[in-house]
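My questions will all concern the structure given below.
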Amino acid sequence: MANDYPSSDEEIMEAQTGSRKRRKTSSDSESDTAPRAPTATSISRVKPAKDRAGHQAASRVAVSKASVPEENGKEKVSFASIDVAPWLVASLASMEIKRPTGIQKACIPEILKGRDCIGGSRTGTGKTVAFSVPILQKWAEDPSGIFGLIITPTRELAIQIYEQVKAISAPQSMKPILVTGGSDQREQAIALASRPHVVIATPGRLAEHIKTSGEDTICGLRRVRFVVFDEADRLLAPGRGSMIPDIETCLSVLPPKEQRQTLLFTATVTPEVLALKSQPRAPGRLPIFVCEVDTETLATPASLSQLYLQTPVTHKECYLHVLLLTPLNLTKSVIIFCNRTKTATLLEYMLRMLDHRVTALHSGLKQQDRISNLARFRAQAARILVATDVAARGLDIPEVGLVVNFDVPRDPDDYIHRVGRTARAGRPGNSVTFIGQRDVELVLAIEERVGGKMSEFEEEGVSVEGRVVRDALKIVTEKKREALLNIEEGRDVKGNRMVGMKKRRVVE
């Protein structure tokens, strides 16, 4: 099928949030169901977060945390000390990965012992290495295909995992393949039939192969030794746009769970994920290993500075232009998150007209454009990436200095995933959330979830409002109008008319 499931950013968010209570959107989301503004005529500061301990105790299933080996000045834990094979230790060292993170120290030894695993850790802590290393080590001891299947919700995540597995396994003749939407299905069927060692797939496209490609293509899946669900909370979320039907199709051709190891990794350990722990085990099977490292107490990175900026809905683009040009942010790599594809498209067009080096990533783009745009941003050919929540999870984009929430996310967990794109691996980072009068309830829910309070963005000695009026109001309004016209006329971001493209109307 041409597109992976779900096909739109709204459906992607539905799949991620599942049956959790929806929060109403801001007025910029073009919805009549926006939350009612507070009675106060203005907000000078966001209210402090409430004590969340009672709420968390009531809403989450209690899980005993795995004990993680501690490092001290005398003895530091290494990959060799947790039984990783020498060739893998050398391969990781060549990638400048020399010491295991908390999730890696806890999970790798247990997976090597043959245990199923549920691993939870915040973004940027090396979960991909935590499941890739034991799979590669076991494969090297008994090479066969298809040895491992890794299922992940988005194409970009699948590509990233594919590249990382390929890099780690470089010293060996390992053959991984990608099975995602947006690529030729016939070529993928041939690759699957050739018995690759590891398959990295999105659930929609793999399910399509299982239904249509024939037994010769999928028979290798019947002997899989490892199955990994990356971003498991999103894969298993119920509700509209759920990926569960496709996952059930994938599981239908795999060996019984007693004959394979199942690994689930996520930054957000949801009740749907934890429910798998209580499933009955076959006699003689080791208990499921459950490890949560920093999923609650450090949901956002310690080196992250979380800021907010009050913006009138009618002039948000002006404030964004000014924010990007402040001396503090002028050289930073920036990701701007929007709730809607239309908003992301408009911002990309407008910012390009304002001479920013910008690209975009969202479900409205063709697969090849998504790949090339992400590559441009990673190579710093583009300084700014305008994205929807397609880019919020798992993508390892180094050196992102600033995350801007142009729209307040509807769900607090989406906020955690967004701001987790910066301040990775202990590096400092900033996030700025644009807040309108109707967004206060959403922000308070975010503060309660992360257990902290946002600070107001300030530029020393400068009035942001003054800069907007003086430097941005006229030019940004003009360029926004031009951008809307180009989109309506079916022109691309460079202003060229797209062949065969019908006119599109974008509602402001």
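Cβ coordinates are placed from backbone N, Cα and C, and glycine is handled just like the others.
The model shown is predicted, which means the values in this text are computed figures rather than measured ones.
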Which stretch, out of 77-105, 135-163, 309-337, is listed as motif 'Q motif' by Swiss-Prot?
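Checked against Swiss-Prot: motif 'Q motif' maps to 77-105.
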Which range, 186-189, 230-233, 270-273, 370-373, does Swiss-Prot list as motif 'DEAD box'?
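That would be 230-233, per the motif 'DEAD box' entry in Swiss-Prot.
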In the same chain, outside S121, R122, T123, G124, T125, G126, K127, T128, whose C-beta lies within 8 angstroms of the Cβ mean position for the ATP site?
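Apart from the listed residues, the neighbours are T101, I103, A267.
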Once the DSSP letters are reduced so that anything not helix or strand counts as coil, what is S121 (ATP binding site)?
strand
How does the motif 'Q motif' (77-105) divide up by DSSP, counting helix, then strand, then coil residues?
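Across the motif 'Q motif' (77-105), the residues distribute as 16 helix, 0 strand, 13 coil.
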